[in-house]
Amino acid sequence: MAARSLLSALLVAFVLTQLHSARALTLSSRLIHRFSDEAKTLRISRNGDPKALGRWPQRSTMDYYHLLATIDFQKQNMKLGSRRHFQFLFPSEGGNTVSFGNDLGWLHYTWIDIGTPNVSFLVALDTGSDLLWVPCDCTQCAPLSATYYTTLDRDLHEYSPSGSNTSKHVSCSHELCESGPKCKNSKQTCPYTIEYYTENTSSSGLLVEDILHLAAGGDDASTASIRAPVIIGCGMKQSGGYLDGIAPDGLMGLGLGQTSVPTLLAKAGLTKNSFSMCFDEDSSGRLLFGDQGPATQQSTSFLPSNGNYEMYIVGVEACCIGNSCLKETSFKALVDSGTSFTFLPESVYNKIALEFDRRVNATIANYAGSPWKYCYNTSYQDLPKVPSVTLMFLGNNSFVVHDPVFLIHGDQGVNGFCLAIQPAEGDTGTVGQNFMTGYRTVFDRENLKLGRDLNDVKSMPLAPPKGAPPNPLPTNEQQSTPGGFAPAVAGRAPSKPSAASSQLISSQIPSLRLLSLLLRLFLIIFVF
């Protein structure tokens, strides 16, 4: 088989060379079907034994068509083997997410594996930005020792491109290098700097390409391991909140930009251009790439910003408290998992907060130094009934938040609660993590829609591949720290040959005769 492949390759190279030299000529050769009588005779004459035919089907029989189809299927698998399309993809550790409360800024995190050999990172999930970055060859990074955090039972990791066999530097000439025009030359490694919504919070370093380890699953597929090449920010220097315990081990941007993981997975043909996130009341959840949600889900279209779809922005038609919908409460909102709480334009916030306060049977509380205006005294035993907050979208679709508050814990347990909404500057609000809790939120980038369905994490295929060591997330007890942060946020041939062309063609006639013979031989080898 190896000798045949080598001979075939040599013949192909010779044929292409000769065709290039004699491109003004037209050559022809007779094709032989793999199961024709002529091919059968040639096979017997070459092997000298009719038994060498093996399984040779009679033309027009079911066996004949079945064998042809089998060969076709094998060829299709060869073509699609490296570009197989999966129903669902999720991080190789299982795709589970968790919030550590105030210890790590109330964001949701998941374990991911990067590089070869693979190294694990606990990254924050952020739909308000694009780049996946991790602490790397650090000059200024957050502490990575578990002793610095009350909820971690292991040290976090630092990435180094030189330690991964599959890492590649991204040059300034790369199509995904936004800083290319600022580079001194096109061959240098592409630098990046990202400024986030929170004041003085940023990440900067160099772009690299490496492997993100994923698992594949679905209704009709067993779990398989996938190695997906992605763009990674080698985060050498962080500032602001990223030095104070927010995303100390990196952040996965899930936005609409070209460097985001969902974009790269879809462009590689690995899965659909969509993903979903679930956040449960117990601070757990999951991340699933390729998920477009059930047909029964409610959905609303994303809105363009400056004529482009750059962020997950939706239009809110009205806001309701309980069963009362308030006038003049329409606005645009960014759907951002990297923001812990929900922000409304100030005029809308005032209407919502006043109506909420009117319906709550509790005494206003003042917590010194707290940014929360609408807080109330209570105990766990005397918790009052809290009205729901509903965001109404086009088509009478709604986004209901049944518990729009957070509880305040003291030495004796629960001693109060606050409306988990803040006023925002400008006319664009933010739907944060707290308003996504309890929902399976689907970011359908293919159809530019936001889908929402009641959360059902247990029914989703989130088991890591067999043999993959689990990297367990903390228990509920470890996550119970009471206590916000928002990072992201070809030529034309002449009609007649010249004299030189005629001489060239005449001198190559012997070679062309040999070429015709070689073409016949190549076709026979290909048939067998």
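Glycine is no exception: its Cβ is also placed from the backbone N, Cα and C atoms.
Annotated active site per TrEMBL: Asp126 (among others), in sequence order.
Around Asp336 (active site), a 10 Å sphere centred on its CB holds 28 further CB atoms from the protein chains shown. Sequence annotations record features per position, and here TrEMBL assigns active site to Asp336 (among others).
According to TrEMBL, the compositional bias 'Pro residues' annotation covers 462-473.
The region 'Disordered' annotation in TrEMBL covers 459-494.
Sequence annotations record features per position, and here TrEMBL assigns signal peptide to 1-24.
Its Cβ taken as reference, Asp126 (active site) is surrounded by 27 other Cβ atoms within 10 Å in the chains shown. Separation of the C-alpha atoms of Asp336 (active site) and Asp126 (active site): 7 Å, rounded to the nearest whole number.
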